[in-house]
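Report on the structure given below.
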Amino acid sequence: MLYNFIPYSKFPKLVANIPFFHFVHTAKKHYRTTPFPYIHMFLSLFSSTNHGPHSYLDSDSSTTNSTSHLVETENSYDANDGFAKMGFNFSNAHCQVYSDGFSDEVEESDEERGQGNSSFTDRNQGAKMDEDWRRIEIHEDEFRHPLVREICRLIECRSAWNHKHEGKMRHLLRGLKPRLVCAVLLSQSDERVALDFFYWSDRQWRYRHYPIVYCVMLDVLSKTKLCQGARRVLRLMARRGIQRGPQDFCCVMVSYSRAGKLRNAMQVLTMMQKAGIEPNLLVCNTAIHVLVMANRLEKALRFLERMQLLGIMPNVVTYNCLIKGYCDLHRVEDAMELISEMPLKGCSPDKVSYYTVMGFLCKNRRIREVRDVIEKMEDTKLLADQVTYNTLIHMLSKHQHADEALQFLREAQKRGFQVDKVGYSAIVDSYCKEGRMDQAKEIVNEMFTRGCIPDVVTYTAIINGFSQAGEVGQARKMLQQMYKHGCKPNTVSYTAFLKGLCQKGNSSEAREMMKASEEQWWTPNAITYSVVMHGFRREGKLSDACDVVREMIGKGFFPTPVEINLLIQSLCRIGRVDEAKKFMEECLNMGCAVNAVNFTTVIHRFCQQDDIEAALSLLDDMYLSNKHPDAVTYTTIIDALGKKGRIEEATELTLKMLKKGIDPTPVTYRTVIHRYGQIGRVEDLLNLLDKMLTRQECRTAFNQVIEKLCTFGNPEAADKLLGKVLRTASRIDANTCHVLMESYLRKGIPLSAYKVACRMFSRGLIPDLKLCEKVCKKLMQEGKSEEADNLLLRFVERGNISSHCLQHSQTE
C-alpha cells in the first residue's frame, strides 16, 4: 500500500472521512507571533443568548460531558504512558482520564532526560525551523523498512512483553529516523496503540521526537475520538519548544468534534490566542465545519459573518461546508439558493458544491431532482463527466438504491463513459445487501462480457450476500470460483464466509477454517475472531467462545469492552458468575480494555445471587485496577444491601459514592427511597436525601418518598412531607396528593384526605373530582357533613360542578 503523508502546510484532507469536503491550501502566509486579539469576536457570537463567551453551549453541556464507559475507555490512557505496565504491556488496560489532556507530573524536564543522540541535537535546533519539515512524505519503502517491520512485530506481541522485549525496542528506536518513526505510527491499525508508542518513545533516555512526528501523530488522532490525546500532544509540542501552526490546532479541533465535544472544539480558538497564533482561512473553515457537523448551522453562519469582519474572506470550501449543513437539515432549497448566490459573492461553485446536494437527494431517492441539479451544474459550464456518474452510482448504491444506480450506469455508458469495476462492485454490493442475488449475478456476468474482470471486492460482496441469505453452500462455491478465475480471497472474503457459517450454527467448522488459515494464505484479523466468538456465544458454547478470545489476544488483537461484556453477560445468565469474573480478570491482565461496565455486570450478578461480599470485594478490585465505579455500580450494591436489611452499610456506601464525586442518578434515588421506606427509616432517609440533593438535583425526590410511604401503608409520615411537594404546585404534585388521599381512604381516615384536598385548593391545584366524591361519601358516613359540603362547595366556586349537582349530591 502506498501511503503518501499529507503535508501539513497544505492540509488538504483535514476531514478525509467526510465525503466531498476538502480543505484547500490558500497562499502561503507568515503568521504573527503576537497574541491575536480578535478571538473573542468569534466566541462572542455564542454569548448573546447564554451566560458568557465560553458558555455558548450550556444547554448541551450535560450531553457533551456525560460520556459512556466505552468512550471513556477510548479516551483514557495510563498516567505513566509507557510499556512498563503489566509486563511492559503498553495497552490501555490500566488507564485514567486526563482532566486537561496533559499532566505536568508525568513529564520530565529536558535536563533530566538528557540531550539524546545526534539526531536529537538536530531536532532541538529544528524547533525554530521553517515549515519545510511539514512537507516530508512517507513512502512505501519506508513502511517496508526492516526496522519498521520489526518494531511493528514487537508491538503486536505486546501481550507477552518482558524486559528483554523492551530492551530490544529501545535499541531499535535509537536507529529510527524521523520518517521511520512516522511509518511506525501510521502502520498501527489501532490509533490508541500508536499513541501509546508515541508516549513511550518520547519518554526514553536521550531521545526526542522530531517535529514531523508530532504532526503525524496529530493527523492520526484527528481521524479518531481521542481528543484528550490530541490535546496533550499539542501541549507537548509547546513544552518541547516546537513551533505549532494553525493546522495543528485544527487537528485537535476536529478530534474534539468527532468525540461530540463541540464546546471544547471551539475553545481551541482560545488556545490559539494564548499561543499567539493568528487564525487563517483554514482555521475558520475548520471551525465552520465543526459547527456544521454538530448541526449548529445558524452559529456557523454567524461565524462566517464575523470572519469576514476580520478580513478573512470565505472560499469555495467555506460555502461547501454550509451547503452540507443545509442538506443535513433537509433544507435543499436553501442550499441551492446559496449555490446560486456564490458567483455574486465572488466565489464560483465547484462540482463538490453540486455533488453535496446530489448526495442528499440520492439518499432520499429523489432522482428527478438529481437530474435537475445536473442540468443546473452544466448551465454553469461544469459538465457532468465520468467522476460525476461514478459519484452518483456510489451514493445511490450506498443507500441501497441499486436500481437507480444501474440507471445512471446505463446513462454513463450511453454518453461514452467507461464505468470501472469499482462502480460495478458498488451496485453488486447494494443488490447483495438487499438480498437480490440474481440481479447481482447478472451484473457480474455483464462485467465479464464487457471485459471488466471482477476483483476480490466484487466477489466478497457476493459471498457476503449469500452468507446473509443463509446460502452457505453458494458462498462456498463462490470462494472456489475465485481461485478458478485467478482472484485470491482475502481476509474480508473469508470473514464474510465464516460469518455465514456461524449464523447457520456451524461455529466449530468456522473455527477449524480459521485455524487452517495459514494453509490458505490468509490471516484472520480482529473482526474474524469476533465473528467466531459471537457464533459460539449464540450457540451457548461459552467455553469455546472464551478460548477464541484468548487465542485472539495471543495473536495481538484485543476484543472491545462491548464484546467482553456480551460474553460476561452470557456467562452470568446461566449462573457461571465465578467463571465470568475469572474471564474478566484474565482479559484485564492480558491488556484488554476492560471498563467499569464489565465490572458492574459481574457485580450485578453477584448481587442477584445474594453474594454481597463478593460484590463488595469486586468493588475494591475496581479501584485497585484503576477502573472507577460509576453511579450504576454503586446503586446496584446499595440496592442489594438494602434488600438484605443492611441499611447502615447501604448508607455508608451512598456517602462514599457522594464523597468520590459521583452524582446519583434517578435510579439511585428510587433505590434509596424504596429501601428506606420499606423499613420505615424516614428520618434517616430525609437526612441522606439532603446530602444527595446537594450533589444532584432531583425534583421528584420527595414526591417519590410520599408515594413510596403510602405504598407501604404509612400515610402519616408522608403527610409531614407534603409541604415540600406543594411548593411547586405542578401536575406531578397533584398526582402525589391523590396517592396520599387514596392511602388515607384505604386506612379509613377520610378527614385527613379532606385536609389534603383543602391544602391542594390553597395552592391552586384542583383535586380529582371522583376521588373527592369518595372522600365526601366517607365523611357523610362518619357524620361529618359540614366538611363534605365544604369540599364540594370549593368545586362549585371554581366552576368545576354546578350548584344543581351540589344540591343533588346533598340530597343523596
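Every residue gets a Cβ built from N, Cα and C, even glycine.
Those TrEMBL annotations? Automatic predictions, nothing curated.
Database features, via TrEMBL:
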{"type": "REGION", "residues": "106-126", "note": "region 'Disordered'"}
{"type": "COMPBIAS", "residues": "115-124", "note": "compositional bias 'Polar residues'"}
{"type": "DOMAIN", "residues": "229-307", "note": "domain 'Pentatricopeptide repeat-containing protein-mitochondrial'"}
{"type": "REPEAT", "residues": "245-279", "note": "repeat 'PPR'"}
{"type": "REPEAT", "residues": "280-314", "note": "repeat 'PPR'"}
{"type": "REPEAT", "residues": "315-349", "note": "repeat 'PPR'"}
{"type": "REPEAT", "residues": "350-384", "note": "repeat 'PPR'"}
{"type": "REPEAT", "residues": "420-454", "note": "repeat 'PPR'"}
{"type": "REPEAT", "residues": "455-489", "note": "repeat 'PPR'"}
{"type": "REPEAT", "residues": "490-524", "note": "repeat 'PPR'"}
{"type": "REPEAT", "residues": "525-559", "note": "repeat 'PPR'"}
{"type": "REPEAT", "residues": "560-594", "note": "repeat 'PPR'"}
{"type": "REPEAT", "residues": "630-664", "note": "repeat 'PPR'"}
{"type": "REPEAT", "residues": "665-695", "note": "repeat 'PPR'"}
{"type": "REPEAT", "residues": "733-767", "note": "repeat 'PPR'"}
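Among residues of the same chain six or more beyond the repeat 'PPR' (420-454), those with a C-beta under 8 A of the stretch's C-beta atoms are 389-390, 393-394, 396-398, 400-402, 405-406, 409, 461-462, 464-466, 468-469, 471, 474, 485, 487. For the repeat 'PPR' (350-384), same-chain residues at least 6 beyond its ends with a Cβ under 8 Å from one of its own Cβ atoms are 19-22, 316, 319-320, 323-324, 327-328, 330, 332, 335-336, 339, 342, 391-392, 395-396, 399, 401, 404, 407. Tertiary proximity for the repeat 'PPR' (490-524) is limited to same-chain residues at least six positions away from its ends with a CB under 8 Å from its CB atoms, namely 456, 459-460, 463-464, 466-468, 470-472, 475-476, 479, 482, 531-532, 534-536, 538-539, 541, 544, 548, 555.
Sorting each residue of the repeat 'PPR' (455-489) by its DSSP state yields 26 helix, 0 strand, 9 coil.
Mean model confidence for the repeat 'PPR' (350-384) is a pLDDT of 91.
DSSP labels the residues of the repeat 'PPR' (630-664) in these numbers: 26 helix, 0 strand, 9 coil.
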